[in-house]
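Inspection log for the structure reproduced underneath, given as structure tokens.
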């Protein structure tokens, strides 16, 4: 097995351990979680981990609402970042700042880190401006996301 693939497999396995919201996760996802908590402090980041057709695992079909559309755009943004040589968005850390609900990506990030930071920053801002519909949490993906 390719060492890079083995590293990814190990990271995914480690990130899936645990049974609570304190489970380990790749560092970038930890940073994204913190960005979400910066812009939407009234909700748990976990509320966004299994929402609609695009927030969380997978992503297909038509977004169910504006919040789900934020996740679709975020997925597409990560796909674009992956085109940067050696850029793995789910594992790339970056420098940013949260101050009173405002997110800023720091200037010292390399091209990949800057792209991923901006993807996460824009998604967190989008989440803050989109209504949350409890009926779109943990939906039946096969029935609603074709």
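Cβ atoms here come from the backbone N, Cα and C positions, even for glycine.
Here the structure is a predicted model, which means the values were calculated and not measured.
According to Swiss-Prot, the active site annotation covers 74, 120. Annotation source Swiss-Prot lists Ca(2+) binding site at 54, 56, 58, 75, citing similarity to another entry. The disulfide bond feature in Swiss-Prot is assigned to 38-98, 53-145, 55-71, 70-126, 77-119, 87-112, 105-117. The feature signal peptide is assigned by Swiss-Prot to 1-21.
There are 16 other CB atoms within 10 A of the CB of residue 56 (Ca(2+) binding site), with all protein chains counted. A Cβ within 8 Å of the Cβ centre of 54, 56, 58, 75, the residues given for Ca(2+), is found for these other residues of the same chain: 52, 53, 55, 57, 59, 71, 72.
DSSP assigns residue 98 (disulfide bond) to a strand in the three-state reduction. Across the fold, the C-alpha of residue 145 (disulfide bond) and the C-alpha of residue 112 (disulfide bond) stand 30 Å from each other. Long-range Cβ neighbours of residue 112 (disulfide bond) (same chain, at least 6 residues apart, Cβ-Cβ under 8 Å): 81, 84, 86, 87, 89, 92. Non-local contacts of residue 70 (disulfide bond) by the CB criterion (under 8 A, 6+ apart in sequence, same chain) comprise 55, 123, 126, 127, 130. Rounded to a whole number, the C-alpha distance linking residue 105 (disulfide bond) with residue 120 (active site) is 10 angstrom.
Ranking the disulfide-bonded residues 55, 71, 117 by how many other Cβ atoms lie within 10 angstroms of each Cβ puts 71 at the bottom.
Cβ-based neighbour count (10 Å, all protein chains) for residue 54 (Ca(2+) binding site) stands at 24. In the set 38, 58, 98, 117, none of the recorded positions has a C-alpha within 10 Å of the C-alpha of residue 74 (active site).
Among the binding-site residues 54, 56, 58, 75, the ones whose Cα sits within 10 Å of the Cα of residue 119 (disulfide bond) are 75, in sequence order. Across the structure, residue 54 (Ca(2+) binding site) and residue 77 (disulfide bond) are spaced 13 Å apart at their Cα atoms. Secondary structure from DSSP puts residue 105 (disulfide bond) in a beta strand.
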